[in-house]
Amino acid sequence: LLSQFDPDNTGYISTEKFRSLLQRHGSELDPHKLEVLLALADSNSEGRICYQDFVNLMSNKRSNSFRQAILQGNRRLCSKALLEETGLSLSQRLIRHVAYETLPREIDRKWYYDSYTCCPPPWFMITITIVEVAFFLYNGVVLDRFVLQVTHPLYLKNALLYHPQLRAQAWRYLTYIFMHAGIEHLGLNVVLQLLVGVPLEMVHGAARISFVYVAGVVAGSLAVSVADMTAPVVGSSGGVYALVSAHLANIVMNWSGMKCQFKLLRMAVALICMSFEFGRAVWLRFHPSAYPPCPHPSFMAHLGGVVVGITLGVIILRNYEQRLQDQTLWWIFLSIYVIFVLFAVFWNIFAYSLLDLKLPPPP
């Protein structure tokens with residue numbers, strides 16, 4: 001094939017030969033992929049197309065030069081929008097719905113629609129949710145309490161939650177997500193991370209979504225250790241708020257391109273749920289503790305998750321199927337995050353003794 005369309009071995013194919021190839025084999029391609037290839041041909045002003053771009057496109061990979069060609073060229077697609085297509089099966093309608101919920105550009109929606117195979121499924125968000133629910137049910141049976149478990153005198157003795165006296169046990173900065181204050185706390189977090197996290201993972205993959213989630217979780221516990229130094233931390237709100245705030249920020253930044261139905265209503269519902277859960281956390285933090293002098297869990301983890309979402313999360317969701325290492329803004333925000341983590345680590349090592357804080361007794 002290379003010798004036929006690129007006899008001089010230049011690494012490029014002429015636009016005319018490229019079009020003839022599409023006409024000859026176009027019926028074998030997915031209709032939306034054919035549109036993308038035609039758009040690539042139409043957008044090229046030099047009369048030639050990189051052969052490697054062509055190979056990448058045929059193997060479901062899109063290079064940076066391809067993206068630039070589409071952005072700089074003719075953005076109009078030949079056929080009707082994906083939303084207008086009829087006769088789709090239930091699974092196809094679900095994939096189309098996810099595409100319109102998460103992607104602002106029609107060309108990306110069609111590419112995702114043709115490329116998605118449900119293999120692998122969104123395993124990360126489903127697995128983390130199942131584990132969180134399992135731990136909550138186990139604690140409910142052990143404590144014989146499912147509402148406001150955090151008020152039980154034995155609650156703080158669990159080895160998973162973050163406690164300021166036990167901050168040297170590094171795993172607690174992450175495992176606290178498996179402990180929740182009560183069924184109302186768990187319920188809101190599970191609903192948000194399934195409704196928002198699963199579609200995001202279907203589009204962006206487990207690696208990116210798990211990174212945002214875990215980064216929000218770690219930032220949440222570290223934020224508490226810096227800004228609310230005497231309080232414990234429980235719940236997955238740091239990771240959940242990172243995902244939801246990144247998604248909402250992405251919708252706002254691409255408002256005109258987001259064609260999902262009822263997007264304003266869905267934003268309002270998400271914000272109401274987040275506000276209610278955050279308000280509950282603030283109320284609980286300042287409510288008289290059932291086991292003084294240790295206060296109830298802090299709400300600062302929510303804010304740490306939001307900050308991660310509108311920085312690292314926005315970059316990850318904005319650059320669909322693009323290599324993050326090629327994005328300057330990604331490196332800037334990643335550097336800021338790493339600096340914060342290092343600062344918080346040294347803060348936890350030195351600041352507690354220097355400030356001579358009176359921490360609650362260990363559980």
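Sequential numbering from 1, following the chain as shown.
Using N, Cα and C of the backbone, Cβ positions are placed for all residues, glycine too.
In TrEMBL, annotation is done automatically, which means it is predicted and not curated.
What TrEMBL says about this one:
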DOMAIN    1-28  domain 'EF-hand'
TRANSMEM  123-143  transmembrane segment
TRANSMEM  209-227  transmembrane segment
ACT_SITE  Ser237  active site, nucleophile
TRANSMEM  264-286  transmembrane segment
TRANSMEM  298-317  transmembrane segment
ACT_SITE  His302  active site
TRANSMEM  329-355  transmembrane segment
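Distant neighbours of the transmembrane segment (123-143): 149, 152, 154-155, 158, 160, 177-180, 183, 186, 189-190, 193-194, 197-198, 201, 206, 209-210, 213, 236; these residues of the same chain sit at least 6 beyond its ends, with a Cβ under 8 Å from one of its Cβ atoms. Taking all protein chains in view, 24 other C-beta atoms sit within 10 angstroms of the C-beta of the residue listed as 'active site'.
Through the fold, the transmembrane segment (264-286) approaches residues 150, 181, 184-185, 188-189, 191-192, 196, 228, 231, 235, 237, 241, 244, 247-248, 251, 295-299, 302 of its own chain, all at least 6 residues removed from its boundaries and within a Cβ separation under 8 Å. Ser237 (active site, nucleophile): 33 other CB atoms within 10 A of its CB, across all protein chains. Mean model confidence of the domain 'EF-hand' (1-28) amounts to 67 (pLDDT, 0 to 100 scale). Taking the Cα atom of each, His302 (active site) and Ser237 (active site, nucleophile) are about 6 angstrom apart.
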